[in-house]
Amino acid sequence: MSMGSRYAVKLTTDFDNPKWIARHKHMFNFLDINSNGQINLNEMVHKASNIICKKLGATEEQTKRHQKCVEDFFGGAGLEYDKDTTWPEYIEGWKRLAKTELERHSKNQVTLIRLWGDALFDIIDKDRNGSVSLDEWIQYTHCAGIQQSRGQCEATFAHCDLDGDGKLDVDEMTRQHLGFWYSVDPTCEGLYGGAVPY
């Protein structure tokens with residue numbers, strides 16, 4: 001299955017970049033639901049399925065599809081069920097995931113983040129028009145707890161609306177998240193409107 005992306009992204013990694021490290025440290029702490037300095041796949045799935053999907057009103061089928069994508073994505077970074085992962089293990093797992101995902105993207109192959117994006121868009125695209133509006137984006141980010149202010153949501157939306165049509169498609173979101181989380185693409189700086197560093 002080919003991604004067929006319309007958008008180029010920086011394909012080289014910069015794992016020593018303080019911005020890349022700060023972004024992932026922020027998310028590690030955000031995802032550490034019980035604040036014990038360790039995370040596991042149980043916590044990811046609980047947050048994704050029992051909190052976010054439930055708040056968004058996802059169907060059982062949508063929740064199962066989304067959960068599989070979360071399992072595959074975070075599994076790609078080395079997370080497992082019932083096995084705690086520390087920060088050093090987490091960041092090393094992200095290095096492996098980033099390399100693998102960028103390699104897939106460079107070959108026009110489907111990435112785990114794209115599969116997750118497809119599953120997520122199916123849930124948040126409430127009017128079923130194949131794109132996400134600003135209001136749909138705001139609802140999702142509030143349910144996920146990533147962004148709380150409208151300004152942060154609007155900043156991310158504008159940053160991801162690469163074709164300037166006032167709506168987001170999954171290709172735009174995938175491209176920006178590849179650049180932000182994997183390669184520190186300078187065109188992706190400020191992606192989360194300040195909710196996530198840099």
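In case you wondered, yes, glycine gets a Cβ from its N, Cα and C as well.
Under 8 Å from some Cβ of the domain 'EF-hand 1' (19-54) lie the Cβ atoms of residues 62-63, 66-67, 70-71, 74-75, 79-87, 90-91, 94, 123, 140, 143-146, 180-181, 184, 189, 196-198, all in the same chain and six or more residues away from its ends. Taken from Swiss-Prot, the feature domain 'EF-hand 1' applies to 19-54, supported by sequence analysis.
In the three-state DSSP assignment, the secondary structure recorded for Asn34 (Ca(2+) 1 binding site) is coil. Using a 10 Å Cβ-Cβ cutoff, Asn34 (Ca(2+) 1 binding site) registers 8 neighbours. If you look up Swiss-Prot, you'll see Asp32, Asn34, Asn36, Gln38, Glu43 marked as Ca(2+) 1 binding site, on the strength of sequence analysis.
Residues or ranges marked as domain 'EF-hand 2' in Swiss-Prot: 118-147. Residue counts for the domain 'EF-hand 2' (118-147) under DSSP, helix first, then strand, then coil, are 18 helix, 1 strand, 11 coil.
If you take the C-beta of Asp125 (Ca(2+) 2 binding site) and look for same-chain residues 6 or more apart in sequence within under 8 angstroms, you find Ser131, Val132, Glu136. The Ca(2+) 2 binding site annotation in Swiss-Prot covers Asp125, Asp127, Asn129, Ser131, Glu136.
Taken from Swiss-Prot, the feature domain 'EF-hand 3' applies to 148-183. Sorting the domain 'EF-hand 3' (148-183) by DSSP state (H, G, I as helix; E, B as strand; all else coil) yields 25 helix, 1 strand, 10 coil.
Spatially close to Glu172 (Ca(2+) 3 binding site) yet at least six residues away along the chain are Tyr7, Cys160, Asp161, Leu162, Asp163, judged by Cβ distances under 8 angstroms. Per Swiss-Prot, Ca(2+) 3 binding site is recorded for Asp161, Asp163, Asp165, Lys167, Glu172, and the stated evidence type is sequence analysis.
Taking the Cβ of Glu136 (Ca(2+) 2 binding site) as centre and 10 Å as the limit, one finds 21 other Cβ atoms among all the protein chains shown. Cβ neighbour counts within 10 Å, taken over all protein chains shown, single out Gln38 as the most crowded of the binding-site residues Gln38, Asp127. Among the binding-site residues listed here, namely Asn34, Asn36, Gln38, Glu43, Asp127, Asp127 has its C-alpha nearest to that of Lys167 (Ca(2+) 3 binding site).
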